[in-house]
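Taken verbatim from Swiss-Prot:
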SIGNAL    1-22  signal peptide
DISULFID  CYS34-CYS73  disulfide bond
DISULFID  CYS59-CYS95  disulfide bond
DOMAIN    98-157  domain 'Sushi 2'
DISULFID  CYS100-CYS142  disulfide bond
CARBOHYD  ASN119  N-linked glycosylation site
DISULFID  CYS128-CYS155  disulfide bond
CARBOHYD  ASN139  N-linked glycosylation site
DOMAIN    160-217  domain 'Sushi 3'
DISULFID  CYS162-CYS202  disulfide bond
DISULFID  CYS188-CYS215  disulfide bond
DOMAIN    267-466  domain 'VWFA'
CARBOHYD  ASN282  N-linked glycosylation site
CARBOHYD  ASN375  N-linked glycosylation site
DOMAIN    474-754  domain 'Peptidase S1'
DISULFID  CYS475-CYS593  disulfide bond
DISULFID  CYS508-CYS524  disulfide bond
DISULFID  CYS596-CYS612  disulfide bond
DISULFID  CYS653-CYS679  disulfide bond
DISULFID  CYS692-CYS722  disulfide bond
Amino acid sequence: MESPQLCLVLLVLGFSSGGVSATPVLEARPQVSCSLEGVEIKGGSFQLLQGGQALEYLCPSGFYPYPVQTRTCRSTGSWSDLQTRDQKIVQKAECRAIRCPRPQDFENGEFWPRSPFYNLSDQISFQCYDGYVLRGSANRTCQENGRWDGQTAICDDGAGYCPNPGIPIGTRKVGSQYRLEDIVTYHCSRGLVLRGSQKRKCQEGGSWSGTEPSCQDSFMYDSPQEVAEAFLSSLTETIEGADAEDGHSPGEQQKRKIVLDPSGSMNIYLVLDGSDSIGSSNFTGAKRCLTNLIEKVASYGVRPRYGLLTYATVPKVLVRVSDERSSDADWVTEKLNQISYEDHKLKSGTNTKRALQAVYSMMSWAGDAPPEGWNRTRHVIIIMTDGLHNMGGNPVTVIQDIRALLDIGRDPKNPREDYLDVYVFGVGPLVDSVNINALASKKDNEHHVFKVKDMEDLENVFYQMIDETKSLSLCGMVWEHKKGNDYHKQPWQAKISVTRPLKGHETCMGAVVSEYFVLTAAHCFMVDDQKHSIKVSVGGQRRDLEIEEVLFHPKYNINGKKAEGIPEFYDYDVALVKLKNKLKYGQTLRPICLPCTEGTTRALRLPQTATCKQHKEQLLPVKDVKALFVSEQGKSLTRKEVYIKNGDKKASCERDATKAQGYEKVKDASEVVTPRFLCTGGVDPYADPNTCKGDSGGPLIVHKRSRFIQVGVISWGVVDVCRDQRRQQLVPSYARDFHINLFQVLPWLKDKLKDEDLGFL
């Protein structure tokens, strides 16, 4: 199989000292002069931009300029009007206190206090009606930038095919049905600009198209920290995902070194705007940003091939991906530093469309037939712009051409959205928020459009990216390449065998969670088992590993309810096997991701500030959750797809526990099914395969964003469907399996794994 490629296209476009005017201008527009008499703002100050062709009002922290933030000098020699959102003209600008928008609506619950507006530091609380579960933040605080902290509060009963997408504060939503193909539409109040997706469709698999919208005022900016976290979490996932598909084992983040073949598995195109509107200092700042980005990519140990070009009226190519040294990051950085702002002095317009057409040409192929493997190429375009252009036409049409070229969004069953990411950075007060939003990708739980105050903030974004100091192992990564064996596809899987004199041999499964520990079920062991009788094998290796000790959850007691007529009680059925010697990771031996760890935060593409609650909402939402377990059949490992009943089918799933052999005296399922269990099996919505006795201790896994995250440990089942090796024969509908929910035993995991550098939240 040809190696899949990742093309990362960096397009750094026109940012001026304050942007450009709100309407496209001709390249040779004559300068006019506007008087400064009467332009003052009450409570603040102003600064001139573009040589006096525009001005920006400045207010103290916690205040914003009313009714506009910027004004342009018109050809008549007068400043643009001070016009409110309601199209009214005011005589003098003033600084007003920043307030956060109020909820336009809130479904299936209530919020308090109710107020026409909310001042900085005000708090608002949300609560759901009976039968609904709260997702997001129950309490939110109005921040200094006019935005609410936390996540959108949503009350959901899990009844829809897709989860309730919610109503972000400040927006209005049209549509309350969440069936497959249903569409919801969002609107903003007059004067506010919608960022994200105005329309979202419920798709196959239960996810919404697009990204969550928000309503933005002109004075709102993203902080460098917010931008760095959101951008980096998505960018690194793209890079890591490309490595996994390429068939290479990255090893630890800071240690992995991948030497690519001559065709390259990653191409990064850096396209730098050198037009007249930028200015020398901003051009230099943009080069520093790109230098930091090159360094960041190099920190992953990959050796991509770079392309480098600048443009104004026309593009100028400086480094081609076919150059012999294009994968040498130091050499590319040297070429970047040699670029001069004067290179485009004679033709200094801003032709954004032509720059994107140059990118399109580099993505294209000669002839009618595409090259082999073209549809496995991933593309990321990063645009830094004010959203305006002064020649060439609308650049959004080229983004549409690129999507068509890459066959993205054409087939609803295979939209291929993962193969194109367009990030847009708006820089300065004169950013056209509508245009930059139109250029950016719209993806669920991701942010692709950002607005920063100035070049200093933009440089800070890339500095914070490069300043990430923690080195984390890449968990939950698999390599699905052609020559891979079962352990390439399940590199975490461990086999545990226990030999007992005069009692025979018992086998269980487990999951590698760190270099010293395997997570499994406690019932696989007996109190009198000797260390030398317990063996562990990993990575498909024939050599058994010696163990140091077995750590049981302190609340596990299989005989805990014998007096009540319950012969076996599996609550807290988890154990950690500590190995005597440190594991050496490789292509067939990697750890699985555990919830509420920093590695899983990155795997889920969440901000670095993500909470354990957000992990749970992503991995175990209130619905039927698609999951899998790995079963050993003969000498092969096979993935079995099941559904965790975590919505309206949960109660009926748990009730079937009373039909298990030995539980005849159990009157209520809650006697044996505690809140620590997850339930799979049955025939609704699909006929789930069941676990077998030898599968005990293995991981229950959620596969999300090309990563594998363990959410449970296989514990016990209602029916032994694998007796006499006749698997899945005449399986009754009440055949259920129960798994220990890892979210319920996190304190114990965190304590026992505290020295394993997993970064528990």
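A Cβ is built for glycine as well, from the same backbone N, Cα and C atoms used for every other residue.
Of all Cβ atoms in the shown protein chains, 20 besides its own fall within 10 Å of the Cβ of CYS34 (disulfide bond).
Neighbour list (ASN119 (N-linked glycosylation site), Cβ cut-off 8 Å, at least 6 residues apart, same chain): ALA97, ARG99, CYS100, CYS142. Among the disulfide-bonded residues listed here, namely CYS34, CYS59, CYS188, CYS475, CYS593, CYS593 has its C-alpha nearest to that of CYS612 (disulfide bond).
Counting every protein chain shown, 19 other Cβ atoms lie within 10 Å of the Cβ of CYS722 (disulfide bond). In the predicted structure, the domain 'Sushi 3' (160-217) carries a mean pLDDT of 94.
Between the C-alpha atoms of CYS59 (disulfide bond) and CYS73 (disulfide bond), the distance comes to 21 Å.
Shown in sequence order, CYS612, HIS615, PHE743, LEU746, PHE760, LEU761 are the residues of the chain, 6+ apart in sequence, with a C-beta less than 8 angstroms from the C-beta of CYS596 (disulfide bond). Across the structure, CYS593 (disulfide bond) and ASN375 (N-linked glycosylation site) are spaced 28 Å apart at their Cα atoms. Assigned with DSSP, the residues of the domain 'Sushi 3' (160-217) fall into helix, strand and coil as follows: 0 helix, 21 strand, 37 coil. CYS73 (disulfide bond) sits 21 Å from CYS95 (disulfide bond), counting Cα to Cα. On its own chain, CYS524 (disulfide bond) has ILE496, VAL498, GLU506, CYS508, ALA575, SER696, GLY697 as residues at least 6 apart in sequence with a Cβ closer than 8 Å to its own Cβ. Taking only the Cα positions, the spacing between CYS679 (disulfide bond) and CYS692 (disulfide bond) is 15 angstrom. DSSP assignment over the domain 'Sushi 2' (98-157) gives 0 helix, 25 strand, 35 coil.
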